[in-house]
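Enquirer: Attaching a single structure in structure tokens format; questions to follow.
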Protein chains: 2
Amino acid sequence: MNLVATPAHLSTVSSTFEQDFSQRLHWSMEQDAAIEERVAAILADVQQRGDAAVLEYTARFDGLNAPDLAALELTQAELQAAFDSLPEGQKTALTEAAARVRSYHEAQKQATGQSWSYRDADGTLLGQKVTPLDRVGIYVPGGKAAYPSSVLMNAIPAQVAGVAEIIMVVPTPKGEKNPLVLAAAYIAGVTRGFTIGGAQAVAALAYGTATVPKVDKITGPGNAYVASAKKRVFGHVGIDMIAGPSEILVLADGTTPAEWVAMDLFSQAEHDELAQSILLCPDADYIAAVQRAIDRLLPEMPRAAIIAKSLSDRGALIHTRSMEEACAISNRIAPEHLEVSSRDPHRWEPLLKHAGAIFLGAYTSESLGDYCAGPNHVLPTSGTARFSSPLGVYDFQKRSSLIEVSEQGAQTLGRIASVLAHGEGLQGHAWAAEMRLKG
Amino acid sequence: MNLVATPAHLSTVSSTFEQDFSQRLHWSMEQDAAIEERVAAILADVQQRGDAAVLEYTARFDGLNAPDLAALELTQAELQAAFDSLPEGQKTALTEAAARVRSYHEAQKQATGQSWSYRDADGTLLGQKVTPLDRVGIYVPGGKAAYPSSVLMNAIPAQVAGVAEIIMVVPTPKGEKNPLVLAAAYIAGVTRGFTIGGAQAVAALAYGTATVPKVDKITGPGNAYVASAKKRVFGHVGIDMIAGPSEILVLADGTTPAEWVAMDLFSQAEHDELAQSILLCPDADYIAAVQRAIDRLLPEMPRAAIIAKSLSDRGALIHTRSMEEACAISNRIAPEHLEVSSRDPHRWEPLLKHAGAIFLGAYTSESLGDYCAGPNHVLPTSGTARFSSPLGVYDFQKRSSLIEVSEQGAQTLGRIASVLAHGEGLQGHAWAAEMRLKG
């Protein structure tokens, strides 16, 4: 097999650029009606029959039989044993990564997750109280996409937020457990875990069963069934984003070794044939050098077939008129991962409006961010960085407004409220304000 | 017609309390399959045919005909004229309310909505950049629930966040426009407005048409069609919460005049027959006094029929063993509006974990918060305060992680990332990190 990776070579000066670019970018989350229907049935069944339904689906879909759901609970001893049995190098790496992720999220909580209040001239107290969620569920995929790093990235912000109970679900097809996933759960402070997955696990967390406690919010990635189930229970419980395929966009000024950039494009492409890797650069020679590096490095890659298909079907090397134009195009894409591979990244960063995470400078490979730099690797995909944010401590907190109106304040506010309430035809509202007016 | 309002009188010492209480609380957002199907069809149609489809649905559902969609745009001159033509009292009240809401949300942005970053010992820069959304859509209901205060509460936080374009949609059945709504749009800084509504307006905002620009997020309340449409476009654009019926919970120690509390219960009940008003109090005599106040005041209320039905079907006056127990029950309910009608509200506030907004002290009627205290009146309903927050500036901002790893930092981080990436079978990730290691 002679694999080649042939990303589209585009140029912004071409008359067909807009068309070619749109075509390359196009991806839409298919809403498969058959999946939606099956998921709706599973949710209803688990809501009604609880443990028994979850057990049946686990037997049917994961080939895992158990006498009762309690038998599928992971004990803390089992999580700890998984950690203890890791090779020393993995144990250290996991521990250090967890410490860095924790430290970043503590800084995040300190910076933007604190209660606040003030008193205005009338003595009225206004503010917000920030409190953690009581109990959250974390979905961890099994099988080929079982990533211990995702356990850290979901559980640690919840723990830093102060969530008292973190319930992990992870399918273990045929009962095969991933020791790194269990070890990560141990390090990250997961409270309880169950080896269940799919829509049935989402349903168990959303509605609660005799064995699985109902949670307030469910986060974590999953397949189309999990995504559909999360979307359906949204409102009943909170959810994080529905993730699409992963993406990287590299803005290069041509000063980073071409091999580094090629490998960064690979590290996205190797995830999934649908993953998208794009390079934007004003230097045509550099683009050619990156393509040569791709050709040279591809045969050595263990996941070469996935990389070749991803780059050929969805990748693009785009020659731009300038770095400024490259920044503008990046804003249109609103990429999940954005590398500013430049000698002078701080010149370009202020121009970048929409991105999940921005990696500044040649040494900041996306993979460092994926594992251990500290920031979360759960990021908005498919252009949703236009309106959403990385997973964070704020996803595991909620706010309550605080209002304390003084007797004096009620005189000012009461008159305003009364006029507006009468204007809306809500006399009860008006009179409640008027009753607090003096004489 | 001899109306009576008979909320359930419950007591926590009763052996049937748990059962009675659960029954009273029960409310579930019905997922009407027929509505879902019709909404899906409307969304697909607008996505495909754009303006033409929106025009047809507007003619069919709102009885409003226009030659093209541009004819349904509200001009800035029209918004300003609506404001200018208001009676002086309304003009002042609206302006003062808007100023207070703006000032509160500016404090909110200052307290929790700023970019932040730090450098660790290795010189690695970590942080988050906070930026406004580019363009948002605000849904404003027409007809009986057309509330100008909601225009303020949705548009002002967007404006404070720095959103450049705020697009309002508001249905005007048979072309009848509400001048207070238009005036509020003028005061709140709405950029463009269209007199369209329903699922077709949500679709126009989510997908964009030739005339209506595509937005990044849609907020604002609406009927079952609007709610279903918002839920369906979620992911393609951002949305705020799906709201259920409004609720108030009053925690009373018996020191507030009973009429005030009765009127506060009314001011919730008058919204909607499904609205829920609950009083929790350890003083049986006070509960009796509130019931007498209800009986006395009800006949005077212009919306007495709605109030009577809401209180009788869904209201409750609950006698608790203590204020502590009342706080615990309030946490189980996680109410949208929570009044702590007590001489000593700061004694109880720390015990309250879940609520949309907490109103402290006898003078802080919910209606002051609804209109002009400053905090947002768009609040999580139906127990969703367990995991979600009032609408705020943060809903119109998003965050991008910032990471800049120094050459030195890449040596430490690269070794950790390499071990973990190999553990996950992602060699591209590992090699991208290893390439940045020296010698």
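Each Cβ is built from the backbone N, Cα and C atoms, and glycine gets one as well.
Note that TrEMBL annotation is computational and uncurated.
These came from TrEMBL, pasted as-is:
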type: ACT_SITE; residues: B:GLU336; note: active site, proton acceptor
type: ACT_SITE; residues: B:HIS337; note: active site, proton acceptor
type: BINDING; residues: B:TYR139, B:GLN200, B:ASN223; note: NAD(+) binding site
type: BINDING; residues: B:SER246, B:GLN268, B:HIS271, B:HIS337, B:ASP370, B:GLU424, B:HIS429; note: substrate binding site
type: BINDING; residues: B:GLN268, B:HIS271, B:ASP370, B:HIS429; note: Zn(2+) binding site
Enquirer: If we take B:TYR139, B:ASN223, B:SER246, B:ASP370, B:GLU424, B:HIS429 as the binding-site residues, which have a Cβ under 8 Å from chain A?
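Expert: Listed binding-site residues meeting the cut-off: B:ASP370, B:GLU424, B:HIS429.
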Enquirer: Work through the binding-site residues one by one (B:TYR139, B:GLN200, B:SER246, B:GLN268, B:HIS271) and point out the residue whose CB has the fewest other CB atoms within 10 angstroms.
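Expert: Selected from the binding-site residues B:TYR139, B:GLN200, B:SER246, B:GLN268, B:HIS271 on minimum Cβ neighbours within 10 Å: B:HIS271.
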Enquirer: Through the lens of DSSP with three states only, how would you label B:HIS337 (active site, proton acceptor)?
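Expert: Reduced to three states, the DSSP call for B:HIS337 (active site, proton acceptor) is strand.
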Enquirer: For B:TYR139 (NAD(+) binding site) and B:SER246 (substrate binding site), determine the Cα separation and express it in whole Å.
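Expert: The separation of the Cα atoms works out to 18 Å.
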Enquirer: List the Cα distance (Å, whole number) between B:SER246 (substrate binding site) and B:GLU336 (active site, proton acceptor).
Expert: 7
Enquirer: For the recorded NAD(+) site formed by B:TYR139, B:GLN200, B:ASN223, which further same-chain residues have Cβ atoms within 8 Å of the site's Cβ center?
Expert: B:PRO141, B:VAL169, B:PRO171, B:GLY197, B:GLY198, B:ALA199, B:ALA201, B:VAL202, B:GLY222, B:TYR225, B:VAL226, B:ALA229
Enquirer: Residues with Cβ closer than 8 Å to the Cβ of B:GLU424 (substrate binding site), same chain and 6+ apart in sequence?
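Expert: Non-local contacts for B:GLU424 (substrate binding site): none found.
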Enquirer: I'd like the number of other C-beta atoms within 10 A of the C-beta of B:HIS429 (substrate binding site), please.
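Expert: Counting Cβ neighbours of B:HIS429 (substrate binding site) within 10 Å gives 29.
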Enquirer: What are the sequence-distant neighbours of B:HIS337 (active site, proton acceptor), meaning same chain, six or more residues apart, C-beta distance under 8 angstroms?
Expert: B:SER246, B:GLU247, B:ILE248, B:LEU249, B:GLN268, B:ALA355, B:GLY356, B:ALA357, B:PHE359, B:GLU366, B:GLY369, B:LEU379
Enquirer: For B:GLN200 (NAD(+) binding site), identify the closest of the recorded positions B:HIS271, B:GLU336, B:ASP370, judging by Cα separation.
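Expert: So, of the listed recorded positions, the one sitting closest to B:GLN200 (NAD(+) binding site) is B:HIS271.
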Enquirer: Count the other Cβ atoms sitting within 10 Å of the Cβ of B:GLU336 (active site, proton acceptor), across every protein chain shown.
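Expert: Total other Cβ atoms inside 10 Å, all chains included: 29.
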Enquirer: Between any two of B:SER246, B:GLN268, B:HIS271, B:HIS337, B:ASP370, B:GLU424, B:HIS429, the residues recorded as binding substrate, what is the biggest Cα to Cα distance in Å?
Expert: 56
